[in-house]
């Protein structure tokens with residue numbers, strides 16, 4: 001409401017006809033009537049902004065369904081692929097794990113691509129590449145062609161896992177960024193559950209058909225993703241880096257609660273991107289040089305971001321998900337249908353607890369959930385090792401194994417699963433965010449591939465029980481890593497989080513810079 005409108009309200013009643021006497025009565029009327037109208041407008045804009053950001057996060061996360069479905073469906077499809085194509089254990093490991101290894105190419109390329117063509121269209125590119133690989137796999141006549149499809153799909157996965165959290169973090173308000181950036185992990189879990197259900201639903205088809213149907217169903221989300229690209233906006237931070245300031249302002253007006261907040265946020269992004277100070281242009285930054293020869297604050301960011309990505313995988317979650325039928329068979333469950341049915345229960349547990357994480361991540365914070373997650377995983381992994389070693393094929397051993405696997409995936413989903421992506425997308429400064437997040441995603445994919453491609457061979461050497469004992473020891477190390485290397489970032493803006501990694505000298509310099517930002521916003 002403008003100044004002239006406020007002045008008019010001083011001279012008329014609520015119906016705009018009768019005059020109001022001057023004095024305290026006028027003051028009282030102005031205080032009670034004008035802010036109420038403004039408040040309704042602001043509340044409506046706030047509500048609309050929340051819905052819009054929520055919708056953008058959902059649409060951007062659809063890519064993650066593809067990854068989750070592939071992970072889930074392959075755990076059951078590999079049983080029938082082995083039967084149909086007569087592949088060895090080594091070929092199984094390579095087929096399962098190669099997707100994660102190859103995806104590092106997509107993750108590395110994704111950082112550069114997202115800076116070149118934008119966050120939004122990199123999401124679209126990820127879907128196209130993955131769907132191409134998925135189609136090749138579904139119609140593969142031999143193991144070699146199946147591997148080619150797997151390689152192509154892996155590149156698409158690399159693009160997707162790198163760019164989606166970055167995009168969501170860049171459009172989300174600080175107060176809800178943790179929950180919204182967790183959406184990709186929710187959709188991964190939803191995809192895994194769909195994959196498990198697909199395994200069970202099509203398992204009774206002939207072996208030369210069922211695994212093709214299982215893989216082919218994963219092509220359906222591509223239609224929704226194509227439509228989503230026409231709904232979601234480009235990241236305002238990327239637009240600022242491209243010097244498309246007015247377009248960034250339009251997006252910010254849609255995702256912030258007020259025009260004032262949009263302008264303040266735009267000025268903060270301008271300063272962070274180096275667009276205000278002509279001597280500090282983003283384009284002049286040698287991003288990879290700064291990452292490979294980091295300053296102490298950037299080194300701490302890289303340790304925290306890349307470290308949490310690696311611990312997410314080397315604690316064995318992909319071994320649990322990909323090879324859950326093998327685990328339960330080792331525990332004493334026989335029959336493909338029974339194995340796949342129990343695996344569906346694991347999928348439901350994993351999906352349920354990721355929803356719990358969404359409600360808690362911005363209320364309790366990142367670090368408490370990481371403690372609960374890593375400690376819970378440690379207990380579950382040691383319990384699984386014990387049940388497989390001492391109680392295999394006994395009823396109590398089977399029950400304990402199922403409980404331990406469900407406890408492991410539940411603990412993973414409530415903490416390190418989603419928070420890993422939240423941290424890696426929010427702790428890096430704008431000039432490094434895309435490339436550094438890509439580097440973290442590479443660490444995640446390499447770790448995932450190493451675990452997936454070695455699990456069967458290692459378990460043959462030291463037993464399945466011994467393998468999960470090793471995962472339990474690694475999970476203990478993850479607890480220590482969280483304590484010493486991961487800061488609490490709840491409720492802080494992306495620009496404020498940089499301060500957490502700076503020492504006292506850097507902090508004093510940051511205070512001067514923040515003062516400059518405040519004066520700029522006030523002006």
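Every residue gets a Cβ built from N, Cα and C, even glycine.
Bear in mind that the values here come from a model prediction, so they are computed numbers and not experimental data.
As recorded in TrEMBL:
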DOMAIN    56-490  domain 'Major facilitator superfamily (MFS) profile'
REGION    1-23  region 'Disordered'
TRANSMEM  52-82  transmembrane segment
TRANSMEM  94-111  transmembrane segment
TRANSMEM  123-141  transmembrane segment
TRANSMEM  147-168  transmembrane segment
TRANSMEM  180-197  transmembrane segment
TRANSMEM  209-232  transmembrane segment
TRANSMEM  339-362  transmembrane segment
TRANSMEM  368-391  transmembrane segment
TRANSMEM  398-424  transmembrane segment
TRANSMEM  462-486  transmembrane segment
Is the number of Cβ-Cβ pairs under 8 Å between the transmembrane segment (123-141) and the transmembrane segment (339-362) three or more, considering only pairs separated by 6 or more positions? no
Who are the long-range neighbours of the transmembrane segment (180-197) in its own chain, taking Cβ under 8 Å and residues 6 or more past its ends? 53-54, 57-58, 60-76, 161, 164-165, 168-169, 172, 214, 218, 321, 340, 343-344, 346-348, 350-351, 354-355, 357-358, 361, 413, 417-419, 421-422, 425-426
Determine which recorded stretch among 94-111, 339-362, 398-424, 462-486 has the most C-beta pairs below 8 angstroms with the transmembrane segment (147-168). 94-111
What average pLDDT does the predicted model assign to the domain 'Major facilitator superfamily (MFS) profile' (56-490)? 85
Using a Cβ cut-off of under 8 Å, list the residues of the same chain at least 6 residues beyond the transmembrane segment (209-232) that approach it. 55-56, 59-60, 62-63, 65-66, 69-70, 73, 76-77, 80-81, 84, 120-121, 123-124, 127-128, 131, 134-135, 137-139, 195, 198-199, 202-203
Long-range neighbours of the transmembrane segment (398-424), counting only residues six or more past its ends (CB under 8 A): 165, 169, 177-178, 181-182, 184-186, 189, 304-306, 308-309, 311-312, 315, 317, 320-321, 324, 327-328, 331-333, 342, 345-346, 349-354, 356-358, 360-361, 366, 369-377, 379-381, 383-384, 386-388, 391, 436-437, 440-441, 444, 478, 486, 489
May I ask for the residues of the chain that lie six or more residues beyond the transmembrane segment (462-486) and have a Cβ under 8 Å from a Cβ within it? 300, 303-304, 307-308, 311, 314-316, 319, 326-327, 330, 366-367, 370-371, 374-375, 377-378, 381-382, 384-386, 388-389, 392, 416, 423, 455
